[in-house]
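Here's what TrEMBL has on this protein:
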type: DOMAIN; residues: 9-277; note: domain 'Tr-type G'
type: BINDING; residues: 18-25, 86-90, 140-143; note: GTP binding site
Amino acid sequence: MTTIADEVAKRRTFAIISHPDAGKTTITEKVLLFGRAIQQAGTVKGKKSGQHAKSDWMEMEKERGISITTSVMQFPYAEKLVNLLDTPGHEDFSEDTYRTLTAVDSCLMVIDSAKGVEDRTIKLMDVARMRETPIITFMNKLDRDIRDPIELMDEVENILKISCAPITWPIGMGKEFKGVYHLLRDEVITYQSGMGHTIQDSRIIKGLDNPELDGVLGEYAEELREQVELLAAAANPFDLEEFLAGQLTPVYFGTALGNFGVDHMLDGLVDWAPAPQPRDAGDVTVDATSKDLAGFVFKIQANMDPNHRDRVAFMRIVSGKYEKGMKMRHVRIGKDVRISDALTFLAGDRSAVEEAYPGDIIGLHNHGTIQIGDTFTQGQELKFSGIPNFAPELFRRIRLKDPLKTKQLQKGLMQLSEEGAVQVFRPMKNNDLIVGAVGMLQFDVVAQRLKTEYKVEAVYEPISVATARWVESDDERKLAAFRDKAYDNLALDGSDNLTYIAPTMVNLQMAQERHPDMTFRKTREH
Ligand code: GDP
């Protein structure tokens, strides 16, 4: 019989952080290809012709309904069970994207090697760093003309403040991309172009001094030897402890489109990334191997499809075991609920889960009683911490079409903010309602839900707000003085927390300088 400890040791739960277009979707596809194919080694790996393997894969995709648009994907790899949590990007970027990073044990950072470190990656790294999440790096698009690999690593170190330890090293680039040298395995793995849909039968050449190398790589062989010598002297060696502390990232090079290097990265992930980690719940820390079930909600997905009015709450299991039909305590409201229809998102359509373990994500149907940050247990009185609100970056004033519906609008906005769909701020100086989000789509979702669920038609107006900060101080007197002085810029958020609304970043900076006794926070815990 399998124990909870066995199941915990097997699991790796991670998310991808990247700037739009760096290749997250393509990598996800390839990762699933490896995940599925390894289970089905006979059907995909054995085929000699690439064409066959490709159609097998597409059949499998159809059969299993694997869709890379799903929110949570679970697949086996190298005797481990990997959970990949999707972090929505582009237009559907939202606070959920940030919060998803609070529910993983490690992250894969994907960088477009022609571009280097980009904005969104910097922001997401900031969030990953809040919990010192271990980061694995994949330098993508080696089949293109990329920037100098040393320069890329320098940029990661300087901008993201994390040391880089190359695990593989590229040989050539663009049309001349030959493959990589694996520093730890001391082997060259060659790249073939045009094999992006299959698992490549790469040629592996053992040993840097192997004369075979000169035959295969030509002039690149000598260059590689020189570079490796240089790396041995100048690059950081991989250090597991520093990696687990979030201070050092192993770096892989490859091309997701060409399906090359993704497996090297996955090998690193299953070998080094942590199994489901313990989690703080106030004064206690809950270990993944504790026998009683406990978990927290990090994301609530509203269905935009009017035929599916339900919302799904995503719960990360922290400890114990979920079994279909079990009773769970919804700690915040103090109620026991029987959960017989938790969802998994493995297949394109949702299917019911029989059992789930720490590191796994299950979906709970939510009819309005579940909020972001809620804890579910088997009766223990716990409240997990560390699921924050993030200072919004986009702001709108919200106005009613029908002024008589103010009450409904306020009620709707309060509930939607508790659920984490959007944030609401009420300035002290007037009766405006300001909504704040980190992604544009959040505004559309909220307008739509106000209309269907609360029967209010609201419109947005632009407002000149650059950012918001939650303000705190232990000194009541100073806080009162601050309230007077900064009155025009203060507001209360959806849970009545004091917030500073800054029209410009310069204004915020001045306020911080003027009021050194106040703490201005970018995040606030639920
Ligand atoms: P996402 O926005 O991060 O999900 O990026 P996508 O996976 O959608 O990739 C963005 C674009 O880059 C697409 O046109 C991909 O085909 C392309 N792309 C992704 N990986 C590679 C790669 O390794 N090499 C090349 N040349 N293009 C790639």
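Glycine too: its Cβ is placed from the backbone N, Cα and C atoms.
Just so you know, TrEMBL annotations are computer predictions that nobody has curated.
Features recorded in TrEMBL, as mapped to the structure shown.
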residue : record           : contacts (Cβ under 8 Å, 6+ apart)
Ser18   : GTP binding site : Lys24, Gly89, Met109, Val110, Ile111, Arg120, Thr121, Leu124
Asp21   : GTP binding site : Asp112
Thr87   : GTP binding site : Ala15, Ile16, Ile17, Lys24, Thr97, Thr100, Leu101, Leu124
His90   : GTP binding site : Pro20
Leu142  : GTP binding site : Ser113, Pro170, Met173, Phe177, Tyr191, Phe253, Gly254, Thr255, Gly258, Phe260, Gly261
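Under the DSSP three-state reduction, Ser18 (GTP binding site) is assigned to strand. The 10 Å shell around the Cβ of Lys24 (GTP binding site) contains 24 further Cβ atoms across the protein chains shown. For the domain 'Tr-type G' (9-277), the predicted model reports an average pLDDT of 87.
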